[in-house]
Amino acid sequence: MSARIIDGKTIAQTIRSEVAEKVKQRIKIGKRAPGLAVILVGDNPASQIYVASKRKACDEVGFISRSYDLPDTTSEADLLNLIDTLNEDNTIDGILVQLPLPAGIDNVKVLERIHPDKDVDGFHPYNIGRLCQRAPKLRPCTPRGIVTLLERCNIPMNGLNAVIIGASNIVGRPMSLELLLAGCTTTVTHRFTKDLRFHVEHADLVVVAVGKPNFIPGEWIKPGAIVIDVGINRLENGKVVGDVDFAQASQRAGWISPVPGGVGPMTVATLIQNTLQACEEYHDPDIGNN
């Protein structure tokens, strides 16, 4: 059996096109374009690439994108002051602080300083709490993007035995909340989990986000299972691979997301969706600020 490929690149482009059309309609009736502020502290090469892709996506859909490239000597106080200024800026609907931040800056304090209605990454405790209470507002980008992938492929999630490998704040933990909301029976595994293979072999849906190349052998995958590979790992030969042995897993799975071209493009597309949502639901003049 050969798995069907979950084409995140194509689905993400469709979402971008949908958002671009909505922006055109907003402008046509006299409303402003959504605004996104992207803050990069330091010169981490990987972060620079991620930020560039987000800015490009903003331009593509017609958003107003504002860039703040700060030196790695920036103090925590200066960064917090910038966020305060952007929180008060009525032309900015979303504030994104690219992680990781340099040593000496408290990630939690910075993320909590962003107003929840401008938290388009979905990391603020308020937004995570809303998701936990089954009343989501702005949702974490990668987990929401994964759910969108499954929905756009018409893959029903209700009743699935789902296993998440990795318990990070960015993917694993919010992913568990998204899958609970979708009706899955959800297990989160982590570095203390015993007999990981057992959990994977019994999973109808596997979401892997550990950042280790080919960490999950393809032979562990249950025949017909859905495999979502969040990992992006560059090997010494320059090849980019995921956390799952794709060659083997694709011969057993029913559906599988490739790396690259699977989850990655959806994270950026969801950021764009969240920014439009923040603009339309929380910041339009006829709505008023919360």
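Any Cβ shown, glycine's included, is placed from N, Cα and C.
Listed in Swiss-Prot:
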type	residues	note
BINDING	G166, A167, S168, I232	NADP(+) binding site
What is the Cβ neighbour count of A167 (NADP(+) binding site) at a 10 Å cut-off, with all protein chains included?
18
Return the residues near G166 (NADP(+) binding site) by Cβ distance under 8 Å, restricted to its own chain and a separation of at least 6 in sequence.
G172, T189, H190, V208, A209, V210, G211, V230
Cα-Cα distance, maximum over G166, A167, S168, I232, record's NADP(+) binders, Å:
16
